[in-house]
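Here the structure comes first, spelled out in structure tokens, and everything after it is commentary.
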Amino acid sequence: MSCGGCAASVKRILENEPQVVSATVNLATEMAVVWAVPEDRAVQDWKLQLGEKLASQLTTCGYKSSQRDSSKVSSQNVFERKMGEKLQNLKQSGRELAVSWALCAVCLLGHISHLFGVNAPLVHLFHSTGFHLSLSIFTFIGPGRRLIIDGIKSLFKGSPNMNTLVGLGALSSFAVSSVAAFIPKLGWKTFFEEPIMLIAFVLLGKNLEQRAKLKAASDMTGLLNILPSKARLMVDNDAEQSSFTEVPCGTLAVGDYMLVLPGDRIPADGLVKAGRSTVDESSLTGEPMPVTKIAGAEVSAGSINLNGKLTVEVRRPGGETVMSDILHLVEEAQTREAPVQRLADKVAGNFTYGVMALSSATFMFWSIFGSQFVPAAIQQGSAMSLALQLSCSVLVIACPCALGLATPTAVLVGTSLGATRGLLLRGGDVLEKFAEVDAIVFDKTGTLTIGKPVVTKVIASHSEGGVNTKDYWNNEWTEGDILSLAAGVESNTNHPLGKAIMEAAQAANCINMKAKDGSFMEEPGSGAVATIGEKQVSVGTLDWIRRHGVVRDPFHEAESFGQSVAYVAVDGTLAGLICFEDKIREDSHQVISALSKQGISVYMLSGDKESAAMNVASVVGIQLDKVISEVKPHEKKKFISELQKEHKLVAMVGDGINDAAALALADVGIAMGGGVGAASDVSSVVLMGNRLSQLVDALELSKETMRTVKQNLWWAFLYNIVGLPVAAGALLPVTGTMLTPSIAGALMGFSSVSVMANSLLLRARMSSRHHVQSRQKPHNTISGVSDGADEVEQSYPSKWRST
């Protein structure tokens, strides 16, 4: 496809097929996606059959096509093959450009020598009409052959494109000059140099456009280039004594062990089995700080092992990596057009026919009325010659390409740039909606907080005064006793609060207690109970321990602590309680403040009790009247719906699991920190770095991308609205200004290149802002992900940590 008209023709051909409901065509990535009628989906291998049929139909219509293998494994190979083809086309375009401009230089040499009055016989030959005629012919059969043949073929097949306009303009100029040369009596002017210069300028524009397209895809190329080609496969899976051999990464299988040395890039996604090191994952998540990896930690292909030797077990076969997932998702995103592009697509679809009609009208007008409007121009030729020249200029100056590239190139750069920074945005439609969002709803746990509760305080019942408790060891419960008993019960559960209790007990070196076999019982949402020694220990909500014999509650103010609380009872007597806090993300307050300054309404939903939710909201800066607590998943969905009824464009930020219904209903669903796995159908945006500040980055990228799209569309429309009348001679009666076909061709090339250049500037604008923000942020010390005990221990008060 060479222009927006081509893309519109391909879309029309596909949608005319009875088996196709709709289709989208991307000019920048040269890819089409179709949606089939439901009846055809019942047929076995329907995708293969329909794909082959549609590809064959497009090839017959002049658009050579093949069915695309859309599997994640092959995405990398397909992308590399397409980039290879583009590089070959660029080389061929470069050769044609060199020959074309050499011919143009020879042509100009004759004019320059004539201008300075050089009378050498050879130079006189360069200026002769016959020599210029031969140069034009050589241009048509040499560098301009592919362009003209493609244009004529497209015309005869009923889908004229930009090459058709250029071809018609060049051939018309040549035909008029030939008639003028062979029939001098007509008094027409010859301009054989026009098709030569026209082809040269058009080829220059195309070459620059191809280079810009390759540059636009350079972010994805860079991501692919970081994947190593070889891996050190361990022979017998023995981390201490095993030898290794180098094998291609594509041959790795699940279960293989590979050795990763300091400085190596990790060859495949896997699990660390031995060793300890820090790993740079910035190419995947955008997080510049290295992450500590120990046994049991997951690693991703393409990340850099910095300072230690790691033994890694392969968890996904060769070729299936997080990187290939990212590439696949970004390619999918680039096939989803932004609604703002639809007007341009409609115009581009009929643009070529409109230009040809305007060219005909220009010829008729100036051939009939030219002598009345511009008598001075007739002195250099006839009205017919002038009319032909102006009609050729109209054909050549028109630029459907700029209309077709305005949105896809900006979306291509925006989504690719986002991927390199750990932001997955699932299409132009998502970018457009996200840029207009005026309300953002946050889930509390795992979004505004880190999603990992830690024990902050243990309170024994005796410390409240006036409460007589039955002794366990020394007639009183200590904080360590309570933690040990609770950990003994919670060792049988996977609940996050239970894990927090166990980690706290381990960090505080509490006595290890175990529940009697068969005595454990758990009720989701309430608590758990088990027999430890001869004592029945219950851990859970106030209602839960009351159901297990507790009558008196000395902690009347516990509900107002602003934290989650678990009660611990022994043999029907309240022993104490354990307070939890889900640590608030360090960047939460900064993000909420940045969103509020942009005029975006910020809400928080939480299933936690009101005091805990209000505590988090007050810390991060969310207005308390915009906090809804103790909500169930279906109630979150209802809240989103109510906001939309108020005509708000709503984004929902959650973990992509418990919030699936709300994420799906929101105009933009944003998943936090789940990596590619969170990029399900309900998540429009995925923040792979698990940093809330990436939300602001994604919003800024969306706004900047849509600003670029609108600039491109304004330029594309304005250029054609102004350029076509000028080429048609609108200024000729007033100022005597007219555009020759060669100048019109140069302007047409400039129009396409300017759209591409503006899209590429998006990368520069975002990079400059990113550097400014990086300099303004304080530098944090590197904190690796250790075995968890150190991190947990740092969260506990020294009051009981030493128990």
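Every residue gets a Cβ built from N, Cα and C, even glycine.
As given in TrEMBL:
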COMPBIAS  769-778  compositional bias 'Basic residues'
DOMAIN    1-66  domain 'HMA'
REGION    769-803  region 'Disordered'
TRANSMEM  97-116  transmembrane segment
TRANSMEM  162-182  transmembrane segment
TRANSMEM  351-374  transmembrane segment
TRANSMEM  386-413  transmembrane segment
TRANSMEM  713-732  transmembrane segment
TRANSMEM  738-761  transmembrane segment
Lying 6 or more residues past either end of the transmembrane segment (713-732) yet within Cβ distance under 8 Å of it, the residues of that chain are 340-341, 343-344, 347, 351, 355, 358, 362, 366, 373-374, 377, 390, 393-394, 396-399, 402-403, 406-407, 738-739, 744, 747, 751, 754-755, 758
Taken over the domain 'HMA' (1-66), the predicted model's pLDDT averages 85
With DSSP helix as H/G/I and strand as E/B, how many residues of the domain 'HMA' (1-66) fall in helix, strand and coil? 32 helix, 13 strand, 21 coil
Do the transmembrane segment (738-761) and the transmembrane segment (351-374) come together with 3 or more C-beta pairs under 8 Å, pairs six or more apart in sequence? no
